[in-house]
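Before we start, here is the structure in question, set down as structure tokens.
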Amino acid sequence: MHLNSLDWRAWVNSRDWPKLIHLLSHQVNFNEVIHYALPILKNDNQLLHIAAYFGRADVVEALLKTPDIEVHSANKNGYTPLHAACRLGKEKVVKVLLNYKGQNPEADIGLTREHPTSKSTPLHEACNAGYDGVVKVLLDYKGLNPEADIGLTREHSESKNTPLHVACIAGNDGVVKVLLDYQRLYPKADVGLAKIHANIPNTPLYEACIVGHDGVVKVLLDYKGQHPKADIGLTREHPTSKSTPLHVACYMGKEKVVKLLLNYKRQNFAADIELIREHPTSKNTPLHEACIAGHDGVVKVLLDYKVQNPEANIGLFREHSESKTTPLHAACIGGHDGVVKLLLVYKGQHPNADIGLIRERLTHKTTPLHAACRLGKEKVVKVLLDYKGQHPEANIGLIREHLIYKNTPLHEACTSGHDSVVKVLLDYKRQHPNADIGLTREHSTNKNSLLHEACVAGHDGVVKALLDYQGQYPDANIGLIREHSTHKNTPLHVACGLGKEKVVKVLLEYKGQHPNADIGLTRENSTSKNTPLFEACVAGHDGVVKVLLDYKRQYPEAGIGLSREHSTHMYTPLHEACSVAHYGVVKVLLDYKGQHPNVDIGLFREHSISKNTPLHEASVAGHDGVVKILLDYKGQYPESDIGLTREHSTNKTTPLHAACNLGKEKVVKVLMDYKGQYPEADIGLAKMHAIVSNTPLHEACIDGHDDVVKVLLDYKGQHPNADIGLIREHSKSKNTPLHGACIAGHDGVVNVLLNYKELHPNADIGLTMKNSNTKNTPLHAACSLGKEKVVKVLLDYLSTHPIDSIRLFSKEFGRSPLILARKYKHKIVVALILKWKGIELVSTKDKIGVFFTKK
């Protein structure tokens, strides 16, 4: 940049400071500009700031000779010339300003003035920026002028940092050294060496340890070494966190800091750095802290110190006073393989050293290997096994049973579902074929093999790892068809019974890859006699059933026991699912049947003992959901036979008869809905029972199932031409359904029939119909038998239907209902008729009969 090309003189004359500062920043001929500007701007404080900013001590010195110069004035950014010089490391300018102060004691140069925004004093600025030369100039001034205040231990008004705190936090070891040199020269001076920060509250040493400023820590420790009585807070607990400097450095992973503290300890053997001190809250020693946090660098430093100082106690196998973990336990639990490796390397180099390799944790009773296997720390497990491989005689507790729950490490991994750990253990077995990892070992309490454990818990990844090993080593025994010694389940049985479909899928995939392998696909449990498919159907695990059927679809010749009868209770899988209402299972089986029409799933097979078809089973048990699934299938595949009107070979009931007889109104409704959807379908709606001669409606009326009767009548209401046998006479007793309900005293059924009559006035429910044997109407029958509740329902109805009332109380049917009730001494029925509000109506028509009975 050439000055001649710029109108810089105009900028000086107009005091255009931004352009001038920009000009001077680009290394133009500074002297020429200043020489021109000085006479013009000598009384302008801005020029003093510019000279301080650019470190021109000569210009500052010249300006300070100007009368009335305001040395302490701040520019628009809030900086005094001293602030600017300290902040930018312009020590010569600082020196000139301090000399000026020395010659003019009353002058204010802003020596302890806070910046309006940052709140820093000039000394704070220099300490934060790391300008040890500036700090030294300020301290030299303080040395020459002991009464002068340079803010040596002044707390920052917001952050509360002293200058020493600031330097330690920023890692400016040169500044720290200058401050400590001053302390050395002036022992009575206070630089805040052990001062606790007002907010945090950290000492300077603590600050440096947290952040990991090893240079600062070294300076502080060197000072301590030279001045043993000096307090730098080496063993001081933090008032809040309770950590010592060594604790915090270990916890934060500041290995260089830890190394410096240990070197100090080595050089000053009697010095206390709290090497094995328990943290008062967490109870961790420094080594515990590093192991828990996984700071292998710190652990290495501590172990190196132990190697160099064998008698030193670093708490290598010390149990935590609460959790009872050793450092090795802590590292294994945390999954810090780097730390574990370091501890094992140390053990390898020092065979007699105790690192707690097979030590049981006092509370949980886990060894380090147990803990790593249980928590899925595969990298840690690998490190332990690598150590075992290098030191075959070493005991790492490879097949050791847990003291309480008896798991081996491999059991732990299988039970917890850590397939990556299982793979690591199996890889070790591959590399060391003679090694015992407990592969075929039964759990001494629950008797589970490893494969059983994984199947029970549904850990398909573990199962796959074990099967892959079996596939690679066919002679290996992983207990693929081993029966549990107590409950006799194979692994496949267990997985099917517990609904572990992913596990079942893995086992079947293995079978597909190894056709000659036996996984117990159709094997009966020697106690329950269930096949795996039965187990899944009994428990309602439709997902498992689907997996088995998918396998069958893929391998049509494979036997899975699809229509096999249970050897004890003789159910097929479909019977089982229908009897216990496992809708999902029934649907899956039917979906499979739909896709494979020629496959036999026992769709209409009679049970060899109960003689029920699957539809009978569901109808008898009232499983309307199952019935609907079967009917939906029938709707989808009309030619299929689900035994819709099939008579039971013993009791001769159709499914509808059975549902009506047992009061399964939801089942009846599903059947009626199906009939409504498929009008041509035969569900045996008016079919007479082959033995008792009842229609379904008769069954419901005789047995008092008013809800069933209502379902049948609702259907009749929607389909007026349908024949439900509403007035059909029984072939022997000659009772209509209404007769049957009245004789049996089922007032609820009678009420339902009368309500239907009310809604459909033209419908004939046989209200005035005579039984062709007894000649009784329903009312006559009820009065003769003393069915007072039925009589009351009928009378309530007749109160609003005079034609029927007059007729029923006339001589048309022989003796009137009242005479019959009187004859058979049914006093309550007599009272009901006499109190009935229709009595006058009928007495007018039939005075002789009524009055005769009144006398």
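One is the number of the first residue shown, and numbering goes on along the chain from there.
Note: Cβ is positioned from N, Cα and C throughout, glycine not excepted.
Remember, it's a predicted structure, so these values are computed and weren't measured experimentally.
Below are the features listed in TrEMBL for this protein:
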type   : residues : note
REPEAT : 77-99    : repeat 'ANK'
REPEAT : 159-181  : repeat 'ANK'
REPEAT : 241-263  : repeat 'ANK'
REPEAT : 282-304  : repeat 'ANK'
REPEAT : 364-386  : repeat 'ANK'
REPEAT : 405-427  : repeat 'ANK'
REPEAT : 487-509  : repeat 'ANK'
REPEAT : 610-642  : repeat 'ANK'
REPEAT : 651-683  : repeat 'ANK'
REPEAT : 692-714  : repeat 'ANK'
REPEAT : 774-796  : repeat 'ANK'
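Tell me about the setting of these features in this model.
Beyond its flanks by at least six residues, the repeat 'ANK' (77-99) meets 48-49, 51-53, 55-57, 60-61, 64, 71, 109-111, 113, 115-117, 120, 122-123, 125-126, 129, 131, 133-134, 136-138, 141 of its own chain at Cβ-Cβ distances under 8 Å.
When Cβ-Cβ distances below 8 Å are used as the criterion, the repeat 'ANK' (159-181) is approached by residues 119, 121, 123-124, 126-132, 135-136, 139, 151-153, 191-193, 195, 197-200, 202, 204-205, 207-208, 211, 213, 215-216, 218-220, 223 of the same chain, each at least six residues removed from its ends.
Cβ atoms under 8 Å from those of the repeat 'ANK' (241-263) belong to residues 205-206, 208-214, 217-218, 221, 233-235, 273-275, 277, 279-281, 284, 286-287, 289-290, 293, 295, 297-298, 300-302, 305 of the same chain, restricted to positions at least 6 beyond its ends.
Taking Cβ pairs closer than 8 Å, the repeat 'ANK' (282-304) reaches residues 246-247, 249-255, 258-259, 262, 274-276, 314-316, 318, 320-323, 325, 327-328, 330-331, 334-336, 338-339, 341-343, 346 in its own chain, all 6 or more past its ends.
Within the chain, the repeat 'ANK' (364-386) has long-range Cβ neighbours (under 8 A, six or more residues past its boundaries) at 324, 326, 328-329, 331-337, 340-341, 344, 356-358, 396-398, 400, 402-404, 407, 409-410, 412-413, 416-418, 420-421, 423-425, 428.
According to DSSP, the secondary structure content of the repeat 'ANK' (405-427) in residues is 17 helix, 0 strand, 6 coil.
Under 8 Å from some Cβ of the repeat 'ANK' (487-509) lie the Cβ atoms of residues 449, 451-452, 454-456, 458-460, 463-464, 467, 479-481, 519-521, 523, 525-528, 530, 532-533, 535-536, 538-539, 541, 543-544, 546-548, 551, all in the same chain and six or more residues away from its ends.
Same-chain residues lying 6 or more positions outside the repeat 'ANK' (610-642) and placing a CB less than 8 Å from one of its CB atoms are 572, 574-575, 577-579, 581, 583, 586-587, 590, 593-594, 597, 602-604, 648-650, 653, 655-656, 658-659, 662, 664, 666-667, 669-671, 674, 677-678, 681.
Sequence-remote contacts of a segment are chain residues at least 6 beyond its ends whose Cβ falls under 8 Å from one of its Cβ atoms, and for the repeat 'ANK' (651-683) they are 613, 615-616, 618-620, 622-624, 627-628, 631, 634-635, 643-645, 689-691, 694, 696-697, 699-700, 703, 705, 707-708, 710-712, 714-715, 718-719, 722.
Away from its own ends, the repeat 'ANK' (692-714) comes close to residues 654, 656-657, 659-665, 668-669, 672, 684-686, 724-726, 728, 730-732, 735, 737-738, 740-741, 744, 746, 748-749, 751-753, 756 of its chain (Cβ-Cβ under 8 Å, at least six residues beyond either end).
Helix, strand and coil content of the repeat 'ANK' (774-796), in residues and according to DSSP, is 17 helix, 0 strand, 6 coil.
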